[in-house]
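Visitor: The annotation region 'Disordered' is assigned in Swiss-Prot to 1-63. Annotation comment: Swiss-Prot describes A2 as N-acetylalanine, evidence class similarity to another entry. As annotated by Swiss-Prot, region 'Necessary for PEX19 function on peroxisome biogenesis' applies to 2-91. The region 'Docking to the peroxisome membrane and binding to PEX3' feature in Swiss-Prot is assigned to 2-56. Marked as compositional bias 'Acidic residues' by Swiss-Prot: 16-27. Look at Swiss-Prot and you will find S35, S54, S66 tagged as phosphoserine, backed by similarity to another entry. Under the heading phosphothreonine, Swiss-Prot lists T236. What Swiss-Prot lists as cysteine methyl ester is C296. What Swiss-Prot records for C296 is S-farnesyl cysteine.
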Amino acid sequence: MAAAEGDGGVRAEADRELEELLESALDDFDKAKPSPAPPPTTTAPDASGPQKRSPGDTAKDALFASQEKFFQELFDSELASQATAEFEKAMKELAEEEPHLVEQFQKLSEAAGRVGSDATSQQEFTSCLKETLSGLAKNATDLQNSGMSEEELTKAMEGLGMDEGDGEGTILPIMQSIMQNLLSRDVLYPSLKEITEKYPEWLRAHRDSLPPEQFEKYQEQHSVMGKICEQFEAETPTDSEATQKARFEVVLDLMQQLQDLGHPPKELAGEMPPGLNFDLDALNLSGPPGANGEQCLIM
């Protein structure tokens, strides 16, 4: 009889602890850290053997396991299925129209997964990115030559989930985003700044050995690089979107000028990041003569 009463007391204690644990979990549901473990039962564990888990610990494990399962089912069901279906539909439509471009995106994705801190993997990723950008540029040219209206192009981009903003400048926004990343301060500034600082000494050392025309080109290169660095140095965290866009257009124009001047000296070009000397002409960013800035950027 005493044993039965003891068992009933243990069960009652476990039920009370479980109830307190559930109430605490509901109160702290949004907190990152779990609630403190409930106080141990009155039965002390045997110090000579492994400690037994209390009913409260077991209940807590079951609670967190059920929460994890709940969120996993949530993200693995309707939301994920819908997003996956939309993406697969968009990629299928793109594959029918531009199979080569889809293949390049797949290669780019694989290269991004392999990229590391070594120069070889970075070079592989950059090379793949260049091919993808060239494909995007060619695709943009084909679309422009096809006579398709901007409204039709915008609708096509929206079908691929690539629309941005209020409808203005939505033609190939992914290309603009990639170019903004490639021409950002983080990518360009460190190497360009180092080359710019070393250029004057190099020019003095090679002034007499270079043909006058080539020497002038190198001088102009140095000047353009300095202007690009000045644009990056003028950046502030509080810059408005309009200011950032205007600066991007200036940097893009200066990079085109730099491209027109040819490659920098090999002694200095070695300071450039692997694969940074991509061909801006291949991206068709300059646009037709007389085109305004927005058309040039294919934004």
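Note: Cβ is positioned from N, Cα and C throughout, glycine not excepted.
Quick one: how deep are these features, and who are their neighbours?
Guide: DSSP assigns T236 (phosphothreonine) to coil, not to a helix or a strand. Counting only same-chain residues at least 6 apart in sequence, none has a Cβ under 8 Å from the Cβ of T236 (phosphothreonine).
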Visitor: What mean pLDDT score does the region 'Necessary for PEX19 function on peroxisome biogenesis' (2-91) have in the model?
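Guide: Here the predicted model's pLDDT, averaged over the region 'Necessary for PEX19 function on peroxisome biogenesis' (2-91), is 56.
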